Amino acid sequence: LAGGIILGVALWLRHDSQTTNILYLQLGDKQAPNTFYVGIYILIAVGAVMMFVGFLGCYGAIQESQCLLGTFFTCLVILFACEVAAGIWGFVNKDQIAKDVKQFYDQAFQQALVAESETNNGKTVVKTFHETLDCCGPDNGMRAITPLWREDLCPKKDFMKNVFQSSNCHKKIDELFSGKLYLIGIAAIVVAVIMIFEMILSMVLCCGIRNSSVY
């Protein structure tokens, strides 16, 4: 059940409309940075393997098999080690993920301002960011010095409100990925706690079977 919940959360994050709209963008020959998906794929793999390993442990407990319970324990130790490694990787790269996406947005934004050729898709990329995140323009420093506020780049709802009141896109990108990474962190902690209890219980059962008078 825990594996199924983790798998469900991971699939929901993988197919979230905001992240997919942004991370599938392409600026010329350059693909949007999708390092964020590494953590999602790890969660998907852990969830799927947990479901299989959970079945293995349940069957081993029913059959009172030391071999199956020992295999269950070994699989849990490997999964736990992978999860800890993934958590350390995510903590180290959490700021870099948002930074890479912001750099991609800034490049598209600059191209959208100066491009005259229809072959340049910078404007399309920028408009996708603006409409998906409900923002308008990069950070406040660039907003102040750039004669940019062309109505064709911002959401159509209220141009003047977009210019003076909307959040800048750098802030929105930070909020988007920090929120998603926060959910991944919670899921990882829940999985780790469950795994610890599973390892303890499997060893207790294994020792109990070994010391049983039946064997």
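Using the three backbone atoms N, Cα and C, a Cβ is placed for every residue, glycine included.
The feature disulfide bond is assigned by TrEMBL to CYS135-CYS169 (among others).
All protein chains included, CYS154 (disulfide bond) registers 22 other Cβ atoms within 10 Å of its own Cβ. Summarising the annotation, TrEMBL assigns disulfide bond to CYS136-CYS154 (among others).
Here the transmembrane segment (36-62) has Cβ contacts under 8 Å with residues 1-11, 13-14, 19, 23, 68-69, 71-72, 75-76, 79, 82-83, 86, 89-90, 97, 101, 177, 180-181, 184, 187-188, 191, 198, 202, 205 of the same chain, all six or more residues outside its ends. Annotation source TrEMBL lists transmembrane segment at 36-62 (among others).
Summarising the annotation, TrEMBL assigns transmembrane segment to 68-92 (among others).
Marked as transmembrane segment by TrEMBL: 181-205 (among others).
Same-chain residues lying 6+ beyond the ends of the transmembrane segment (181-205) with a Cβ under 8 Å from its Cβ atoms: 2, 6, 9-10, 13, 36, 39-40, 43, 46, 50, 57, 61, 69, 72-73, 76-77, 79-80, 83-84, 86-87, 90, 94, 97. With respect to their backbone Cα atoms, CYS154 (disulfide bond) and CYS135 (disulfide bond) stand 8 Å from each other. If you measure from the Cα atom of CYS136 (disulfide bond) to that of CYS169 (disulfide bond), you get 6 Å.
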